[in-house]
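As recorded in TrEMBL:
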type	residues	note
DOMAIN	62-173	domain 'RGS'
DOMAIN	188-447	domain 'Protein kinase'
BINDING	K217	ATP binding site
ACT_SITE	D313	active site, proton acceptor
Amino acid sequence: MCDMGGLDNLIANTAYLQARKSGDGDTKEMQKRRRSLSLPKPEQCVELRQKTEMNFENLCEQQPIGKKLFRQFTATVPEYQVAIDFLDELNNWDLAESTSKDNLRQNITTSFLKPDSKNFIAYLCAELAEKCKNVTEKDFEEVMEKAKEETRNFLKGKAFDEYQNSPFFERFLRWKVFERQPITEKYFYEFRILGKGGFGEVCAIQVKVSGQMYACKKLDKKRLKKKKGEKMALLEKEILEKVNSLFIVKLAYAYETKSHLCLVMSLMNGGDLKYHIYNIGERGIEMNRAIYYTAQITCGILHLHSINIVYRDMKPENVLLDDNGQCRLSDLGLAVEIKEGKSINQKAGTNGYMAPEILKEEDYTYSVDWFALGCSIYEMVAGRTPFKDFKEKMNKDEVKRRTLEEEVKYDHPKFDELTKDICKQFLMKKVEDRLGCSCPDTSLSWVKVLVLQWGKEE
């Protein structure tokens, strides 16, 4: 007897894999689809040009299409290209391991700071140019910070003015007008269901004209209304629109059908971190991977906090991996934006990851995300959560009691002193003692330093 359910599943999987393959390549079908894509004419962009705020950071650095087109423009003017190359090299130096920093520093000095070099940055003021010429290893970072600031000011001035009157900016406006066109379900091919949640399901979709694959979160309008989740869905969309980080899923499109609200986001094919902890090999993951993921998760959390957003649902299940093993935070349904200097006291989160201040219904801000990160690091290392053993049967009240009253045990053999220390600092029950919370002005740098130190020690 034929298993029709299994056959349907096989067909859905095959269609999905074929779509991924066609979207990744430059097939004749994709070329045909892309040729059908037509950008609006320049005269259709006049109104947008008049309404667009000419902000360099927004138009040339934060928006991907704007950044790409601005760089294409600067490539046509040697002086501007040198400035871009200089900023890129400084960024490489800043991110480099200590073993390669010296070589990069010497390369920057030779290529950009010597008056007789081909790529000399001649736009600097006389005083700063002299400092750059005589820069030493000791004052390199301080001098380069000033050179970086002056380089950006140089690009924000004449270069940005000329860019606004170039064909590159005109093309940018055409893309932005194209972006604003109404999107419907007819714009996509829909494939198999990837997962299900309380308000609907997530399925794979493909943009017809480009072949790009995405994940579509389809929120059932009836379920949203029944559970009074309309406000939460709108808030998630608004927060996703503000996010601009490599370590958080991106919102590509948003549209609605008669029955669903649809959020189209980055497709992450590598599964979630919880699956990797419990279903691949021995419970837990290798220490080098735990460090790597923690660094990326930390960057995602820091980005949310920088735009006044508290995540409130940090857990391995919400950390998704792509084809290359990079991870991103997902499911911002519980995230909330808070006003500067204000706090909130709503109970939100997942049992076993909620900070003591949430459980006690006290006022809180960003501290809750660092506690949840501590729980997640512990889980990556030990293959269990800090307050509940693997497959241990326990009600919510007992998990709450343990979170508030009991000290976390670090008896798993993977917990060396440094790993234990970073978990302990994130899992402090008092907010003022917790890593990332005691001094708002320095918390960001301390979190980064400790995570990086942890990686280097391991």
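Glycine residues also receive a Cβ, built from the backbone N, Cα and C atoms like all the rest.
Automated prediction, rather than curation, is the source of TrEMBL annotations.
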DSSP composition of the domain 'RGS' (62-173), residue counts helix/strand/coil, works out to 86 helix, 0 strand, 26 coil
Determine, from DSSP, whether the residue listed as 'ATP binding site' sits in helix, strand or coil. strand
Candidate with the highest Cβ count within 10 Å, taken from the recorded positions K217, D313: K217
For D313 (active site, proton acceptor), the three-state DSSP class is coil
How big is the gap, in Å, between the Cα of the residue listed as 'active site, proton acceptor' and that of the residue listed as 'ATP binding site', rounded to a whole number? 17
